[in-house]
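Chemist: For reference, TrEMBL lists these features for the protein:
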- 5-195: domain 'L-asparaginase N-terminal' (DOMAIN)
- 14: active site, O-isoaspartyl threonine intermediate (ACT_SITE)
- 14: active site (ACT_SITE)
- 69, 100, 101: substrate binding site (BINDING)
- 100: active site (ACT_SITE)
- 223-318: domain 'Asparaginase/glutaminase C-terminal' (DOMAIN)
Ligand SMILES: NC(=O)C[C@H](N)C(=O)O
């Protein structure tokens, strides 16, 4: 095994929670959390524990915050991105422990802010806290370490035995250990089958003009997310778009439809775009390949100037919208 230096950034989440008298809240940070995750209570951590004892893996720690990820805001994601950016040159990989509820948003935000990271940057967490019976905390953490041992680079979520590209990950289960999927099935890898990812990377790197790493922090913006549904109206949409938001993401039906028979919908969006605002559209299907050219309803909307986000997660669409607003 090659010697590896891994930076661990802890931010809170269920993985670090205990009952605090008023419900679960995170209170285990930094090396306290990692020592617990690698303790002898977890046979699944044995190989990592041994490698750490032998000095083959060296962990450095940084506790950036200790919050339920429901409290995660853009400014916190920027703090994480800054810490990652500062650490890239000195480590073979970076693991961020994070609550699951907004993990996909942070993965998306990091993917937008940090371009062409030279090492793996992996977010992980758990559905049960490190001290709960049957917890998935240690296995997820150890899988993340195993992923760092591979020659991959990029931003990922490691969870439930899978590694998912941070631009496509979305949380689909509030309880099950298999909590995340990829909105494009091509960007999820079984942790036991990482060779596939490596092969893909090699191919990508051959084809890519090797671009330099760059970091552009996100600014705080107010983005509206709208989901199309049959009990929605153009009138309500007009009020929502006029509410002061700086850009909008609309989740459309299927390949990319909305009630185009109701002219109000189209004219509201047209008016909004004419004022210089941006409207991003994406399918509301979990597995998606948004394409507004297939149906007439989609083409009518496309003609109004909306911008299509094809297969990325809605979380990524929102962060992309944040980054696109001047
Ligand atoms: N499983 C979890 O981590 C949920 C928790 N509420 C959080 O996102 O911080």
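Every residue gets a Cβ built from N, Cα and C, even glycine.
From a predicted model like this one, the values you see are computed outputs, not experimental measurements.
Would you situate these features in the structure and describe their surroundings?
Modeler: In the three-state DSSP scheme, residue 14 (active site, O-isoaspartyl threonine intermediate) is classed as helix.
Residues near residue 14 (active site, O-isoaspartyl threonine intermediate) in space but far in sequence (CB under 8 A, at least 6 apart, same chain), listed by position: 24, 26, 99, 100, 125, 126, 127, 128, 129.
Secondary structure from DSSP puts residue 101 (substrate binding site) in coil. Summarising the environment of residue 101 (substrate binding site), the number of other Cβ atoms within 10 Å of its Cβ, over all protein chains shown, is 18.
The average pLDDT computed for the domain 'Asparaginase/glutaminase C-terminal' (223-318) is 97.
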Chemist: Give me the sequence-ordered set of same-chain residues, not including 69, 100, 101, with a C-beta within 8 angstroms of the centroid of the substrate site's C-beta atoms.
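Modeler: Apart from 69, 100, 101, the close residues are 13, 14, 68, 70, 72, 98, 99, 102, 103, 125, 171.
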Chemist: May I ask which residues of the same chain, at least 6 positions away in sequence, place their Cβ under 8 angstroms from the Cβ of residue 69 (substrate binding site)?
Modeler: 11, 12, 13, 98, 99, 100, 101, 102, 103, 106, 125
